[in-house]
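Below is one structure, written out as structure tokens; comments come after it.
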Amino acid sequence: MAGTNSLGAGPDTPVPSKDTGFTPGDDTWTQMKNMFSILTGNMTEEGKEQFLLARDIRNEENDCKRCEDQRDYLIKYSPIIIRFLQDNIRQLGGDISSHNIHCRRCTQRQAGGFDPQYGIRICANAMKDQGHLEDTMAHEMMHAYDHLRFKLDWTDNLRHAACTEIRASSLSGECRWAREFFRRGQWKLTQQHQECVRRRAALSVMARPACKDAEHAKQVVDEVWDSCFRDTRPFDEIYR
């Protein structure tokens, strides 16, 4: 998910307070033991979170280095990022490039976030491959474009939040059929794109402090859906 979220990235070391099935340790034997506990159903959900956190801490340097290398490649060679979104952001007086696209380890389970003061944060430990990174960068760059063009109120206006989430999910490529079908197990053949955009926009709105609950998030998304889904600026159409 994206938007102006506070993305945690701390040095916490997982220490189980009870028997969760997770055993701390970075050696091969301990890793095999933890994997066996997961495969046999002997690790609780809390234990799985501890396992993932330990893995992310262990791989942090490599994850961030890979993310930065792929980020720099995409900025140089990806048409949607370098020649289009980046250029349109520049035309509005902004600048999104490697100096403010930060690859970090995140403790929240999301792909990235945008903050008008900070720039873009990519959760390096959540990136599955270069294609996933490209979609995430495009999503967050759409937020940057909307912030500059429409002067969004990120703090209190849920309609603004819903609109930019609809546009970012629709235009970034993250809701194209192949990604939904093969990565997320969403197997519908009709209205798949629209349902993906609605679902992801509502989840992002629901994470904001001003949103009461899931029903409130859905209501706000529905209120702005028609105008925001049809608005494909700066693109001529949804092409990914």
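Using the three backbone atoms N, Cα and C, a Cβ is placed for every residue, glycine included.
Around the Cβ of GLU140 (active site), a 10 Å sphere holds 26 further Cβ atoms from the protein chains shown. Feature annotation from Swiss-Prot assigns active site to GLU140; the stated evidence is sequence analysis.
With a 10 A radius on its CB, HIS139 (divalent metal cation binding site) counts 29 other CB atoms from all the protein chains. The feature divalent metal cation binding site is assigned by Swiss-Prot to HIS139, HIS143, with similarity to another entry given as support.
The region 'Disordered' feature in Swiss-Prot is assigned to 1-27.
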